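Here the structure is laid out as structure tokens; the discussion comes afterwards.
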Amino acid sequence: MKTFVIGIGGVTNGGKTTLAKNLQKRLPNCSVISQDDFFKPESEIDIDENGFLQYDVLEALNMEKMMSAVSCWMENPGSSAGPAALESAQGVPILIIEGFLLFNYKPLDTIWNRSYFLTVPYEECKRRRSTRVYEPPDPPGYFDGHVWPMYLKHRQEMNSITWDIVYLDGTRSEEDLFSQVYEDVKQELEKQNGL
């Protein structure tokens, strides 16, 4: 069975989850897997020399468990969407995987039909992060001492990627971002279906 897998990566608080949920509402036969659902327990998270918990690294995530969820979906795509979705005009099962380190994890490299990466400038990212509540809470200096430097490091690693990633300005409106990605996905699905 044909499937269509979308990766939505990007900076923390860049709009990944919002975009994924908006797409899921409009795309038939669509499921979402969020990388944030696969964080290891706090007791298993490393602490750096500054005392910061190292959440913004692949080692903080149970990627094997996430890959298992992806594999389960691939083996039985569309099962979570229900029978009505399977009968839709665009019956290709769609999986959206969203997270901050998707494109830095090699086992996912060959899965993407479309890849998107949301960027947000430093000041806006810091402002957005300050409005969110995390468990455990961000200690003072965490954004500048860990979160942003890790984003820059992982973003630099992405320079070696050989497949196409569409970079999106995360400061654009939710509606604009949705419209751009939705239209792009529709065109790609039509190409895949030979329409």
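Quick reminder: no glycine exception, Cβ is built from N, Cα and C everywhere.
Taken from Swiss-Prot as is:
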BINDING   10-18, ARG128, 132-134, 172-174  ATP binding site
BINDING   THR17, ASP36  Mg(2+) binding site
BINDING   ASP36, ASP37, PHE38, PHE39, TYR55, ASP56, ARG129, TYR134, GLU135  substrate binding site
ACT_SITE  ASP36  active site, proton acceptor
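Sequence features, as recorded in Swiss-Prot, placed on the structure.
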residue	record	Cβ neighbours (10 Å)
GLY10	ATP binding site	25
THR12	ATP binding site	19
GLY14	ATP binding site	25
LYS16	ATP binding site	28
THR17	Mg(2+) binding site	16
THR18	ATP binding site	16
PHE38	substrate binding site	18
TYR55	substrate binding site	22
TYR134	ATP binding site	9
SER173	ATP binding site	9
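Annotation note: TYR134 (ATP binding site) sits in a coil segment as assigned by DSSP.
Per-site Cβ counts within 10 Å over the binding-site residues ARG129, ARG132 peak at ARG129. Figure note: comparing Cβ neighbours within 10 Å for the binding-site residues ASP36, GLU135, the maximum is reached by ASP36. THR17 (Mg(2+) binding site) is 15 Å away from TYR134 (ATP binding site) when you measure Cα to Cα.
It is 11 Å from the Cα atom of LYS16 (ATP binding site) to that of ASP36 (Mg(2+) binding site). On the backbone, the CA of THR17 (Mg(2+) binding site) and the CA of GLY10 (ATP binding site) stand 10 Å apart.
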